[in-house]
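These notes concern the structure reproduced below.
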Amino acid sequence: MLALTPLLDTISSPADTRGFSVAELKQLASEVRAETIDAVSVTGGHLGAGLGVVELTVALHHVFETPKDIVIWDVGHQAYPHKILTGRRDRIKTLRQGGGLSGFTKRAESVYDPFGAAHAATSISAALGFCAARDAKGENNSVIAVIGDGSMSAGMAYEAMNAAVDTTKRLIVILNDNDMSIAPPVGGMSAYLANLVSGGAYRKVRKLGKTVVEKLPTPIRDAARKAEEYARGMVTGGTFFEELGFHYVGPIDGHDMDALVSVLNNVKHFDEKPVLVHVVTQKGKGYAPAEGAADKLHAVVKFDVVTGQQHKAAAGPPSYTKVFAQELIKHAAVDDKIMAITAAMPSGTGLDLFGKAYPERTFDVGIAEQHAVTFAAGLAADGMKPFVAIYSTFLQRGYDQVVHDVAIQRLPVRFAMDRAGLVGADGPTHAGTFDLGFMGALPGMVLMAAADEVELAHMVSTAVAIDDRPSAFRYPRGEGLGLTIPDLAAPLEIGKGRIVREGTSVAIVSLGTRLAECLKAADLLAARGLSATVADARFAKPLDVDMLLRLAREHEAIITVEEGAMGGFGAFVLQALATHGALDRGLKIRTLVLPDVFQDQDKPDLMYAQAGLDAEGILRGALSALGIDNISAAGRRA
């Protein structure tokens, strides 16, 4: 049962916290933590990160006048406590559900979410944009970016920090170090020093000292500068950030409410240069099962609040992710040139399994997709067989490198694109909807999509065998169909699809895991007296043009089905048919794609039904192409 929350019950907006004492803020933080745990136990989601920033969230909304003052959360999966405090408590148990709250910050959801998030390292750049707009308008509000140490492995964060000093003198960056990867706080002395260097008296003395130093002879002046930097770096660890033009404060204990409130008040009106506050937090703080878990319960399904035991579904067939990893391990056992690269997602992509088998051939480059792609290009250029395992949505971050460093040079980098299609609870920011279009546009690219886990095994083998150009294969989140996978699947013939069912009236050409729904749609058509051919294209590029032309000759209509946006597989098929004159004889065609909107989170099956990509939707597409507006198909040729 949820603990009593007397203070939280009085909060309708962050303004209600601004008269609270520090003691009351501590109690409020405890209540927000309990509320967060209770909510996520019902919805599932990202738990550990949010628990780690409860005190910081309360302190930020207490010290700053949000939403006038802008707070931008990097990634956003730590923002559940923020949502509880900003008028969304009554809907917090709809997190990541259909029609409910997003699992990330979202502009359309609240004025307290000034900038949407989900991909890493965007916060400082966005904050600088807000700062420049504020300065241009002559306004005086604060702008705060909260970024984790994990996101600081992404180059975009440093690009923004490098530009900060030339953009504005008034920006606050809070570095949420929840992995103790930069520097731990050193007890009470650390908190004292952080408060000291953020205070006005220290800054005045330091400014006076700099003025005096500037009047000294050059050799003495340079020595004095270096000594000051060295001494300050020894005490605070902030020399690197100072070199970027920031005033560094920290590290401080991110769970010490007294220190947080004091330091944030000190830096609130700092306008000499951008300031970075280094806050050290503990992921999963305040919930024993999270504190004791290896991953700090970063992402969870529904769980029991008392024990922390997650209510995981009964084990089913292996996931597509696991099948990919297992197949790659098989090939690596007989081919020592195979290398695997991930951008901070080893468990999400299955490369944690590959890494256990072949640690010396596994590279986690951090949140650095651009580097991952060009690093793989370098490996390929020197004879290795690199596999970049990456979520489709994150490959977007490295697309220029795919074009410039891989495709133009025709280097045999293999892209394993996980989370293709719709992903459910994580919504539009994590959906893999565009890769067919942007990868299929590249000359020389071999682009495949697996219909099931056996096909995925064949595609891994195919990618291993392709050594004269780049290749990519896509597969969805979730479990396979439970099919038996060969010991070592054979490579596919490049650019050749397969006919799964022969028919006469309409040809349904599927790419990817919609094949099962296409077969169901064929059954529905058969029940209406219509005979359907079902084909698995396998390749979006190069297309099996011979198969497509044959289907065009022998059928009244062709329906293409894909788990992607317009401009992908269906567009490629239309282009091929038009080029070969197959549309000149009255062929009827429909391309079934995801709708031209960013679909909000829901269960994947419901999302595909909304998109018209389930069996009923495919049936409707086929009947429309055939000019049938009712359920009767009497008289149609069978």
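Note: Cβ is positioned from N, Cα and C throughout, glycine not excepted.
In the shown protein chains, 22 other C-beta atoms lie within 10 A of the C-beta of H77 (thiamine diphosphate binding site). Residues or ranges marked as thiamine diphosphate binding site by Swiss-Prot: H77, A118, H119, A120, G150, S151, N178, Y287, E369.
DSSP assigns D149 (Mg(2+) binding site) to coil, not to a helix or a strand. According to Swiss-Prot, the Mg(2+) binding site annotation covers D149, N178.
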Spatial separation of D149 (Mg(2+) binding site) from H119 (thiamine diphosphate binding site) - C-alpha basis, Å: 14
Fewest Cβ neighbours within 10 Å, where candidates are the binding-site residues D149, E369: D149
Alpha-carbon spacing, D149 (Mg(2+) binding site) to N178 (thiamine diphosphate binding site), which is rounded to whole Å: 7
